[in-house]
């Protein structure tokens, strides 16, 4: 019996080998996956009668609007703690030019560097050229603005807490919000920078997207036009996670969202009414009004960290130190600052709530917002598994809550109802939910044309590919692109693994679709080839996803943190889905038929062998005490 099963097992393994070999031979002619596959697992800017009149006028206007106003859905980019900010993409002018702008609720004007700028740094995108836009118009000097020396054009000037500044001329042009937006391009006033200083000069982002309360705010302009509701929402990714989501316009508040009143007449900033803070379930011993000084408690998305009044900071610091007294204190990453840092907590962010205490912000209405450790800690940049306190003392009585406090929190600025809502959520996934929420098909990418077929200009198409190859029913088999990287980091393997994860996020594809194909090196420069393959079980990439990927590659819109050094997209290529020829199809049919026949034959042989083995066993069996035929008896020898 053992021998029989041995032969059956051997035959089955041989069949499996033959099947695998034959199928792989056929598939190799059509789609060969790369041998090296890395599946994915996974910026700081720092009440008047007019405002009252504007607020009343806007509310009266909004009440006359239907409830079906569209909204603008934008993806957020960059890492808050690495870059100091999050950015959104806006397109300005005709033809539209793309700009990466810091999302800033503390600013009331949107501005980009212009070609005439006499003191502007080197930023992510080329400067705006007013003379090259057919729809640009300068904002002429009038009694409601400051004017230039020639009294011809309105000007703006903004100075920030960290002493950086921006100044320039005001212009008006078409502003577009990208493919995922229901909102059509709108004319809006923005700043054309002539001079920038401080962090604004040195930052990688192009400029600022002002979302504050004020006539020049992009929000106020869109609301006054009646194209969106008087609300917007932000959702920042968590620790070590880039990006997030933003919606300009109204959304339906989730049922678990908690709200705090926001007084638009107290200050131009978005404030909330925070009454007290609890650490590990215990209220901080502070006098009444500790978080109500001057402007109150202000939310500022353009600020990275949080700043408390000195006595509030001291109480918060002491409560944290008491809760984690078992962790070792270490110096901060920058010796010029007296950071409070701890080591021994491990690198896994999901385990931090088991070590560090939870914090609750309590509003005047009794509602509470729970803060996890990622909302008040940042990673130590020089010591693995170490973290530092992201709350600092403020020299003035205002409480300032920067982006760190609202990581992985959906924040809705419901300006029309004078309230701000908070909901803890996974903001890295929020973008996908926002993007695929059943909204109408978006308008073409910043294009005035109503033709929904997005053709790739021939000068930007890869060699051998027609310029309009995505316009019809074309199916993409896979996409490849080359990236040049210059880095001083010697651990190439870890860099490439993290890059693969980030590319998946940037291109919005599933983890398993991104593959590392090849790496060549020359000193500290590397040329890396990546592949984007269909999601299982599909054997092609849909037109919609292919368009999105190729447009991002074509327009060099993959944004990576600066810690990876210098990088550049070199070229890309889209391979069509290759279907089987009639000869290959017939061969596969014959192959399947032969394999089926072989399996059935082996099964029949196996059954017959088992039957024969059982027959032998029954023949050889004799009951105990049975009589023995005489022919088997031997005569005894005397």
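Placement of Cβ uses the backbone N, Cα and C atoms for every residue, glycine included.
TrEMBL entries are annotated by machine, without manual review.
Sequence annotations record features per position, and here TrEMBL assigns active site to 104 (among others).
Its own atom aside, the Cβ of residue 300 (active site) has 23 Cβ atoms within 10 angstroms in the protein chains shown. Here TrEMBL flags 300 (among others) as active site.
Positions annotated as domain 'Peptidase A1' by TrEMBL: 86-423.
The annotation signal peptide is assigned in TrEMBL to 1-28.
Per TrEMBL, transmembrane segment is recorded for 587-610.
For residue 104 (active site), the count of additional Cβ atoms within 10 Å of its Cβ stands at 24 [all protein chains shown]. In the predicted model, the domain 'Peptidase A1' (86-423) has a mean pLDDT of 94. In this structure, the CA atom of residue 300 (active site) is 7 Å away from the CA atom of residue 104 (active site).
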